[in-house]
Amino acid sequence: MYMIESKGGAISCMLLALLFLGTWPAIMTLTERRGRLPQHTYLDYTITNLLAAVIIAFTLGQIGPSRPNFITQLSQDNWQSVMFAMAGGIVLSLGNLATQYAWAFVGLSVTEVITASITVVIGTTLNYFLDDRINRAEVLFPGVACFLIAVCFGSAVHKSNAADNKSKLQGFKSLETTSSFQIETGPADSGLAKGKAKEGTAAYLIELEKQRAIKVFEKSTIIGLAITFFAGICFSLFSPAFNLATNDQWHTLKHGVPKLNVYTAFFYFSISAFVLALILNIRFLYWPILGLPKSSFRAYLNDWNGRGWSFLAGFLCGFGNGLQFMGGQAAGYAAADAVQALPLVSTFWGILLFGEYRRSSRRTYVLLISMLFMFIVAVAVLMASSGHRK
């Protein structure tokens with residue numbers, strides 16, 4: 001199997017993982033805003049997410065002189081470590097599923113900020129002690145503090161932007177009472193004049209609500225924030241569970257049984273994530289949540305609108321997670337949590353693709369810039385804390 005041995009190689013893996021893990025949520029959000037049911041999108045996503053782990057296992061897990069390789073470990077008596085890997089996959093799957101609904105309620109940027117910050121504060125601390133302090137605490141924990149500051153800015157950005165949107169929508173009390181005539185004849189400064197609605201205007205927000213799969217007008221954002229915090233707790237546990245699977249810090253394996261390599265652990269991790277996602281999303285087809293329309297497995301199979309994007313999202317997330325674990329095994333999983341600065345990437349896509357924060361107030365822009373700055377500092381500091389696993 002192929003092993004990352006240098007700090008430079010580990011940091012390269014983390015940076016690439018950061019790009020992938022910050023991009024796939026934007027793609028999932030894009031399909032929802034175009035009206036595709038999240039159950040359909042997630043079923044597609046989970047197929048290629050598992051496929052990415054299989055590809056990694058049968059390539060990087062098999063090449064190179066290091067032993068034991070992936071196939072050899074499948075027949076070893078290592079079920080204790082396998083259970084830790086599968087537990088990590090379960091909580092990650094729950095977190096990913098929850099964020100898919102949270103994006104609609106509180107926006108892509110804020111959801112990623114809050115979940116990433118919770119993940120770093122809890123997960124990084126656990127990984128630091130599990131890895132026997134191979135990361136430099138005097139560098140690592142100031143980085144964690146930067147994430148705490150970022151989550152405060154993220155919450156303030158959401159509150160300020162929600163107030164901006166509420167101000168834009170004054171005079172349009174509900175989506176149902178907003179007629180096409182109002183949209184076409186509204187004042188020019190509200191973006192309601194004839195023609196394509198400008199991003200960030202009331203017309204744009206109204207048309208987006210009509211098109212998207214998850215309707216959020218007149219629903220409490222507390223629901224979205226509750227889902228977001230639940231997802232953050234789930235995300236904070238998957239990396240420590242994977243750490244236990246690959247390094248056996250609790251000495252659960254029998255004497256002489258090799259520890260799981262990162263590729264074997266990732267394979268089992270992805271299997272459990274796939275099974276749980278399959279069960280839950282098939283259930284949500286027939287018994288949907290949050291007011292979504294019912295669907296069926298037949299309807300899912302026939303829904304090709306946005307399927308290619310959904311497949312791409314699964315691949316990006318799968319390879320992103322694999323790269324994060326490869327970097328973490330080499331430089332410490334606490335340092336690898338630097339990839340949780342993915343809101344840097346997600347916010348870029350949110351602004352570029354979805355017009356988030358367009359025509360917002362100066363206060364919102366100041367808070368947004370402050371939030372992004374803290375993430376840049378945090379990712380630099382966490383990567384600087386990288387150690388070397390002996």
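Cβ coordinates are placed from backbone N, Cα and C, and glycine is handled just like the others.
Keep in mind that TrEMBL annotations are predicted by a computer and have not been checked by a curator.
So that you can see what the record holds, here are the features copied from TrEMBL:
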type	residues	note
TRANSMEM	41-61	transmembrane segment
TRANSMEM	82-103	transmembrane segment
TRANSMEM	139-158	transmembrane segment
TRANSMEM	222-245	transmembrane segment
TRANSMEM	265-287	transmembrane segment
TRANSMEM	308-327	transmembrane segment
TRANSMEM	333-353	transmembrane segment
TRANSMEM	365-384	transmembrane segment
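Panel annotation: around the transmembrane segment (139-158), residues 106-107, 109-110, 113-114, 116-118, 120-121, 124-125, 128, 221, 334-335, 338, 340, 343, 364, 367-368, 370-371, 374-375, 377-379, 381-382, 384-385 of the same chain, lying at least six beyond its termini, place a Cβ under 8 Å from a Cβ of the stretch.
Contact count against the transmembrane segment (222-245) (Cβ pairs under 8 Å) is highest for 82-103, out of 41-61, 82-103, 308-327, 333-353, 365-384.
Long-range Cβ contacts of the transmembrane segment (41-61) within its own chain (Cβ-Cβ under 8 Å, at least 6 residues beyond either end) map to 1-2, 24, 28, 31-32, 69-71, 93, 96-97, 100, 261, 263-264, 266-267, 269-271, 273-274, 277-278, 281-282, 300, 306-307, 310-315, 317-319, 322, 326. Proximity of distant same-chain residues to the transmembrane segment (265-287), defined by a Cβ-Cβ separation under 8 Å and at least 6 residues beyond the stretch ends, is recorded for 39, 42-43, 46-47, 49-50, 52-54, 56-57, 61, 70, 81-82, 85-90, 92-94, 96-97, 242, 245-246, 294-297, 299-300, 318, 321-322, 325.
Under 8 Å from some Cβ of the transmembrane segment (308-327) lie the Cβ atoms of residues 4, 9-14, 16-21, 23-25, 27-28, 30-31, 36, 40-42, 44-53, 56, 60, 92, 96, 239, 242, 246, 262, 265-266, 269-270, 335-336, 339, all in the same chain and six or more residues away from its ends.
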